[in-house]
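Pulled from TrEMBL, these are the features on record:
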type    : residues           : note
BINDING : N44                : NADPH binding site
BINDING : A57, V58, K59, P60 : NADP(+) binding site
DOMAIN  : 1-86               : domain 'Pyrroline-5-carboxylate reductase catalytic N-terminal'
DOMAIN  : 150-253            : domain 'Pyrroline-5-carboxylate reductase dimerisation'
Amino acid sequence: MASAIIAGLIDGGHKPTTINVSDPSVEQLTRLQQQFGVLTSTDNLQAVADADVVVLAVKPQVLAQVATDLAAALQPEALVISIAAGIDCRSLSAWLGQGTAIVRCMPNTPALVNLGASGLYANPQTTAAQKVQAEAILAAVGIVVWLTDEDQLHAVTAVSGSGPAYFFLFMEAMIEVGVAQGLAPDLARSLTLQTALGASTLASNSEEGPDVLRQRVTSPNGTTEQAILSFERDDTRAVVKRAMAACAQRSVTLSEELGAK
Ligand SMILES: NC(=O)C1=CN([C@@H]2O[C@H](COP(=O)(O)OP(=O)(O)OC[C@H]3O[C@@H](n4cnc5c(N)ncnc54)[C@H](OP(=O)(O)O)[C@@H]3O)[C@@H](O)[C@H]2O)C=CC1
Ligand SMILES: O=C(O)[C@@H]1CCC=N1
C-alpha cells in the first residue's frame, strides 16, 4: 500500500526527495529508491525526525511497537496518517501521544493503478490544513471520502478496503467456469476482465443504479435471467452479507486484540 501511495504522490508532481521511506528491508528500500528517487532509511526515528506528515503503513500486528517507538521522535505539529485496519485513534493516541493529530485512512489496492477508494477519519486534534494535506495524499491515488464517525471505518473496510478481493474471487470463479465450458484460459481471462472493467465503467458513468443496469442485461426469457434466478435461489445477497459482516467484525476484533489496553 505504501508503494502505491508513493507512486501516486510522485505522479502527482511531489518532489521525490521530500519523501523519506523507512522499512527494515534494505532490498525493499533500494527498490523504492531506484524506482522513485525517494530518500530511504532503515531507522524509523530518523525518517520521521523532520516530517510534517508521517504515514504509518505497517501491519496492525507491529503498529503498537512502531508507534510507541516513534512518539519521542515526532515533530509536535506532525500529522500522522495510519492506514492500518482496525486500530483506532484511541490506541494510536495512547502510543503516539495524546495531542497527536491523527487521520485514519482505509485505502485499497486499486490505488496501484490510481483507481483507489479511501475512507478518511480525522481526530479532533487534526487542523483543517492537515485534513487538506491528508486528502491530497490519498487523492493522488483515487477517490477520497470523509467520515464523521470513526466506527464507519469498519464498514469502509468491508466495502472498499477488502472489496477488491471479493471481485477478484468472482473473476477467478468466472474464468474457471469459462474454461470448464470450453474456452481457452487466455480467452476466458480476457473476456472476464474486460467484462468486469466494462460493468464497473458503465455503472460509474451511468445515472442509473446497478439494479437497473442489471435488468437491462436481463432479457425476458433469455439467458441472463436463468443465471440471476440461480444466484437468487442460492441466496447470493445473504452470502455477501455474511462475508462483509465477518470482514467488519474482524476489523473490530483487530482493534480489541491489538489496540492499547
Ligand atoms: N493490502 C491491502 O489491501 C490493504 C492494507 N491496508 C493496511 O495497510 C497496512 C500495510 O498492509 P500491506 O501494505 O498489505 O502490508 P505489507 O506487508 O506489504 O507492508 C508493510 C510494510 O511494513 C514493513 N515493516 C514491517 N515492520 C516494520 C517496522 N518495524 N518499521 C517499518 N516498516 C516495517 C514491512 O517490511 P517487511 O516486508 O520487510 O517486513 C512491509 O514493507 C496494514 O496495516 C493493512 O491493514 C489497508 C487497506 C488495504
Ligand atoms: O486484509 C486486510 O486486513 C487488509 C485491510 C483491508 C484489506 N486488506
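Glycine too: its Cβ is placed from the backbone N, Cα and C atoms.
Cβ-based neighbour count (10 Å, all protein chains) for V58 (NADP(+) binding site) stands at 19. Secondary structure at V58 (NADP(+) binding site), as computed by DSSP, is coil. Counting only residues at least six positions away in the same chain, the Cβ atoms of A84 sit under 8 Å from the Cβ of K59 (NADP(+) binding site). In this structure, the CA atom of V58 (NADP(+) binding site) is 11 Å away from the CA atom of N44 (NADPH binding site). With helix defined as DSSP H, G or I and strand as E or B, the domain 'Pyrroline-5-carboxylate reductase catalytic N-terminal' (1-86) counts 43 helix, 14 strand, 29 coil. When the alpha carbons of P60 (NADP(+) binding site) and N44 (NADPH binding site) are compared, the span between them is 16 angstrom.
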